[in-house]
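Single-structure report; data block below.
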Amino acid sequence: MPVSLLDDFLAYTLAGTRPAASEAQGTCAGGVRWSWLDDGVLLMEPAVQEEGMRSVLVSAGVHGDETAPIELLAFLVRDIAHGTAALTGRLLVILGNVDAMRDACRYRDDDLNRLFSGRHLQLPQSHEAPRAAALERAATRFFAAAPDNPGARWHIDMHTAIRASAFEQFALLPHTGKPFSRAMFEWLGEARISAVLLHTTRGNTYSHFTAQACGALACTLELGKVRPFGQNDLTRFAGADHAVRHLLAGMRGEVRAPMPRAFTVIDQITRQSEAFELLVAPDVANFTPFAKDTVLARDGDYRYVVRHDEERLVFPNATVKPGLRAGLMVIETTQDTLSKLV
């Protein structure tokens with residue numbers, strides 16, 4: 001067994017090492033079976049596989065410069081391999097944009113997290129397009145072998161944000177046309193996530209793909225700020241790390257924590273041309289509230305004006321390519337959302 005693969009999956013991946021066929025799978029502590037499937041893709045399965053057990057995909061590095069969750073995943077692999085973290089279900093570990101990770105950048109040509117659900121087919125020349133297709137295939141194959149039972153398929157996609165936030169750690173749930181899951185909200189509470197953004201239209205993120213195409217309970221976690229490898233204070237991510245490990249150990253639900261607040265997307269600001277202006281401070285924090293009638297953006301004849309008594313701006317980015325989202329507008333819907341969980 002190539003010890004370095006499991007002891008430091010991050011370093012192994014950054015080095016671009018590809019194991020020989022005879023060294024691409026094996027058994028580690030507790031009889032856990034592992035298989036290296038692709039660059040940055042590792043499957044781990046318990047020795048005893050029970051009917052109905054969870055299949056959990058945990059991904060990080062879909063943006064190559066979001067290093068803290070990548071480091072957390074490397075430590076998780078090491079701890080499972082050494083038997084200090086329990087695994088009672090199937091686990092697929094994915095480090096997303098490995099080339100961008102090696103270059104210490106967010107992406108090379110295009111944002112990988114906007115290329116899923118087949119959108120990569122529209123950008124065949126993009127460096128990220130083949131990786132998006134490969135990650136779709138990896139998720140599809142993984143979940144195809146999982147029971148199609150409620151709560152049996154999970155996808156946790158971990159990120160860090162470019163900017164500060166009124167809620168330092170928050171989650172985004174994809175739109176599937178179905179009611180949102182109480183089990184997911186309870187797990188997010190255990191992860192110490194303080195706010196959840198609820199999408200109202202289908203998107204092209206990895207969690208949207210796994211929710212829609214694979215039937216997974218999927219979420220995107222935003223866990224803090226972007227920092228270089230080795231400069232993260234991982235204690236700040238202890239809540240999410242602990243909750244992921246509990247999920248993999250089959251212990252979810254044993255810790256009761258406050259439910260996160262819910263915010264529903266009601267509109268988006270789109271950059272339509274090079275004349276686009278986002279009329280907020282460059283360092284405005286995610287979830288900053290704005291009062292009714294505030295003009296937040298303009299682009300030729302286009303204006304975005306706040307319509308509700310209060311709307312909050314999330315993911316403002318004035319430098320995206322024309323045609324892409326320059327910000328999401330949300331309103332708080334906590335009481336209504338929590339009353340409708342299933």
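Just so it is clear, glycine is given a Cβ too, placed from its N, Cα and C backbone atoms.
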Inset, instruction - Among H159, H175, H199, find me the residue Swiss-Prot lists at the same Zn(2+) site as H63, E66. - result: H159
Legend entry - Same-chain residues at least 6 apart in sequence whose Cβ lies under 8 Å from E66 (Zn(2+) binding site): A60, R106, M158, H159, T160, V226
Inset, instruction - Determine the Cβ neighbour count for E222 (active site): the number of other Cβ atoms within 10 Å of its Cβ. - result: 25
Inset, instruction - Between H63 (Zn(2+) binding site) and E222 (active site), find the distance joining the two CA atoms and give it rounded to the nearest Å. - result: 12
Inset, instruction - Report, as a single number, how many Cβ atoms besides its own are within 10 Å of the Cβ of H63 (Zn(2+) binding site). - result: 24
